[in-house]
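Written below as structure tokens is the structure these notes are about.
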């Protein structure tokens, strides 16, 4: 009698086991069918080869002798997780139900991750080879993931945020040229110190590009871009209030150091959230923001700087002129970029490269869900479970004692970061990117040298032509004698030789480009007189009275002052833009030159993925070099402006394609460093181009034309030797 209940119990248990096994096989077959359907739907976007194919080994059934654990049986009998509560087994998983963050497929127990002081089982070379293999596998998988995430709202949001940062870089470059004449005049900068502003800003940008680009490979794209843009915005704003020229130079240099990180980080950041078929086109569209920055700076300079009335003063020591208002306005894109960037996530590719699998998965899911909601498909589920994480190499870091001074700890941290940046930089000159780094550096240098050199040379040549035309219209007066006359109007572009002025009154008037030579002023009265570009050479003042004028020793060259007095002289350097046609003309010319790159931007964006990066890079540089020869015919202002627009329109395609190629040639772990190094070379070439081409203005046309043509054509030929990256995935 006792055996019957035992038999019934055994039969029931066996039947239950058979039912559970059948249920497991049915679930497995159903999952396979779903996988096949998903593969067909996503055009072979399969991640199965990156996961473990043997899915039959479940922990619940992995017991010896075919026994099933009690916990597994309890789970199978009816316990449901919080994630799927309220659903049957056959229900699909909807978006928003928490499934947990999937673990990395090569994640090891953390107890053995700290290996400082322990002997490694593999040599450094073997570890590097293993990491290289992991990176190649990750590159293929990451491309499939980005295809699944799609291109939509998230990429466009990031596009405009990073565009503001790139726009700030363009503004910074143009601010230098627009502010330079006004700042040097306002601060009474002697000729020996003139021109330092342009060079010092480019030097700051050069060091900033190298530092921030390298740091972005260590601490992240978003964090570095936030800090660098904040530095730029703060010191740009501060520079508008400082009065001394040396402090102004320091602020603009630090501001340039901050904005130097924009270009290498922006392109690296954006490229890492784009699929291969979208990368070339949308990186080219992003380049348009640099043009927008130039247009913004030109328009603001045109609208603000010539209005001398937009200023205030606090005594004679503090002067806030219109060009300072312009500097404040030009800091607004940077501030906007910082605010918008705080709402964007870190690059998921950077997270994966540094071993942060969970953070990368969450960002990728956010990208996927954002794009799917924008498409009206919120039910689409992010199907990626595991992502390959490259092997993390051990790095020896010198750590200070816990009881050490906080200053010592900070210094050790800075030293460690700088050492890491330097080591990453040295890896840019190791196989397999060494040759590419050298070629890229040559192309960046030649393109920048020719572009920035001619950018300085063109406006200076136009100014030189204007000055020649202005000088040709000068009025010369000889041996004139004027008595008891009141001058209350502006005298402009005149030369007075051997003149005699007796009992004359000069009231509330201006001298503009007026020179008095060997003239005499006897018993004359000067009140509220301003002189711009005017001087008195070998003149004599007898019994004359000066009140509230800017006539000082600097304007009295070899002149004699006899029984004359000066009261309440104007201090500082006087600025005036009233009816200054040349100021408006300079800003308008730069506006046209910047606007001329719009067609080139559109063409390069549309054709980047069709004709290839290298063809566009080499072709654009060669055509730009050839166009320089037409400068021989630039004998008028209108002809030179036309040539400026033509040159800018042809060269912009080279800049866009070079940005794309540089981004794609470097692996993720040194992309910021490599791009930063190339951009630093670019700024160094800009400094040299400004100095060399600027010194040749008014001397000869032959040297600038031949030099620019040679470097542009040579750089274009080197660019054609770079590897084609159109079909590459981001390594």
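Cβ from N, Cα, C; glycine included.
Of the candidate ranges 547-569, 639-661, TrEMBL annotates residues 639-661 with the feature transmembrane segment.
In TrEMBL, the feature transmembrane segment is placed on 224-241, out of the ranges 116-133, 134-151, 224-241, 350-367.
Recorded stretches compared: 283-305, 584-607, 673-696, 702-722; the one with the most Cβ pairs under 8 Å to the transmembrane segment (440-458) is 673-696.
Among the listed stretches 247-271, 283-305, 673-696, the one sharing the most Cβ pairs under 8 Å with the transmembrane segment (639-661) is 283-305. Counting Cβ pairs under 8 Å that are 6 or more residues apart, the transmembrane segment (224-241) and the transmembrane segment (325-344) reach 3 or more and are in contact.
Below 8 angstroms of C-beta separation, residues 436, 439-440, 442-443, 445-447, 449-450, 453-454, 457, 614-615, 617-622, 624-626, 628-629, 631-632, 651, 654, 658, 661, 665, 692-693, 696 of the same chain, each at least six residues beyond the ends of the transmembrane segment (702-722), sit close to that stretch. It is 247-271 that, among the stretches 247-271, 283-305, 325-344, 614-633, forms the most Cβ pairs under 8 Å with the transmembrane segment (673-696). Residues 159, 162-164, 166-171, 173-175, 178, 182, 266-267, 270-271, 274, 322-323, 325-326, 329-330, 333, 577, 583-584, 587-588, 590-591, 594-595, 597-598, 601, 604-605, 608, 652, 655-657, 659-660, 663 of the same chain, all 6+ positions outside the transmembrane segment (283-305), place their C-beta atoms under 8 angstroms from a C-beta of that stretch. Long-range contacts of the transmembrane segment (247-271) within its own chain (CB-CB distance under 8 A, at least 6 residues past either end) are made by residues 158-159, 162, 165-166, 168-169, 172, 176, 183, 187, 196-197, 200-213, 215-216, 221-222, 224-225, 228-236, 238-239, 279, 282-283, 286, 334, 347, 659-660, 662-664, 671-672, 675-676, 678-680, 683, 730.
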